[in-house]
Each structure stands twice: as C-alpha cells, then as structure tokens.
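Colleague: Dropping a structure here in structure tokens format, bear with me for questions.
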Amino acid sequence: MATLFRRLTSTPFLRAQLQTLTRVGQTFFFIHLFWEHFYCVGAATGASMLPTINIAGDWIVISKLYSRGRGVGVGDMVSYVRPVDGPGVHVSKRIIGMPGDWVVVDPEKGDEVIKVSVGRVPPGHCWTTGDNLPFSNDSRHYGPVPLALVRGKVIARFKPMPKFFENGLKDVEN
C-alpha cells in the first residue's frame, strides 16, 4: 500500500490530481460544516408571518448558533421543526413565551365578550405564534414547542429587500 501511494505521488501529473481532489474534498467539508452548524438560507412561504416575511419570494438567513433554544428569548423569530408533522417540515414563528411564562393560549371573541384562556409554558418549551394570527398554525393549535426542536434564530431576510431582524422588545427601565 505504501509503495502504491509513493508511486502515485511521484508522478507530477498524478500528484496535481491528488492535490486537487483533496482541495475539493476540503471545500465540500467546510461548506457542509458551515451549513449544518453556523448559518443556512431558506425560502419562506405562507401568510403566517406577514408583514415581517412576505407570502412568497422571501429568503431568510437562520443562525444555527441559537439551535436547541440557546440564547433565544421572547420576541425572537425562530425556525423549528413543527412537532405535529415530523422532521421534514420547518416553520418560522415568533416566540411569545419561554419556560415558566404565562401566555394567553387563544383569545376567543363570542357575543361581545372576550374569553381568554391562560396557560403556563412548561420547562424546556417555548410558546410560538405567527405575526398574522388568523393565518397562523402555531402553538395555539399544537401546544408548546420543545426547545430541542428549535433549528435556529431567523436573523435576516436577504431577498428581495435585505433587512436584518432584531428583537424590538426592550427591558423596562424605572
């Protein structure tokens, strides 16, 4: 085996081919590592996040540094695996409740009286809703989302008009 390797690397043409193949492999490895563990890009569709994200044509950037709910908070927009559909369906929604928070589960209007049911977000979960409530299938329908299903935080829209998202909620100062 060692003699075969010596014979392949002794010929300049074969050595160049081997170096090129090594560089291509390293490039693909780096791209895979970057895509799986740091940032990814995806198309966003649906009306649930209007006006923040358009119905079709928007592409979003997801930071996977926030995967499994690390560092996310109320007001952040996250991408996660939808719990009722399995691993292939990813959605983007806004977090409105973290573990221990009390949230309005689903406000209902009936006969001019607003009925409100309140629930507490269990440990290890978050409560998500879309910005466009009438068109959003979210925690109001399938309950709290385990933080382990969070793929990352949506940090920007880069197509058609670039825009970085930031959490608009600020701490109250006395």
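Yeah, the Cβs are placed from backbone N, Cα and C, and that goes for glycine too.
Below are the features I grabbed from TrEMBL:
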type	residues	note
ACT_SITE	SER48	active site
ACT_SITE	LYS93	active site
DOMAIN	37-106	domain 'Peptidase S26'
DOMAIN	119-158	domain 'Peptidase S26'
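Where in this structure would I find these features, and how exposed are they?
Modeller: Applying an 8 A CB threshold to same-chain residues 6+ apart, the list for SER48 (active site) reads VAL91, LYS93, GLY130, ASP131, ASN132, PHE135, SER136, ASN137, ASP138.
With a 10 A radius on its CB, LYS93 (active site) counts 24 other CB atoms from all the protein chains.
Packing against the domain 'Peptidase S26' (119-158) from elsewhere in the chain are residues 40-41, 44, 46-53, 58-69, 71-72, 76-84, 90-103, 105-106, 164-165: each is 6 or more residues past its ends and has a CB under 8 Å from a CB in it.
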Colleague: Just give the helix, strand and coil counts over the domain 'Peptidase S26' (119-158), going by DSSP.
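Modeller: Looking at the domain 'Peptidase S26' (119-158) with DSSP, the answer is 10 helix, 18 strand, 12 coil.
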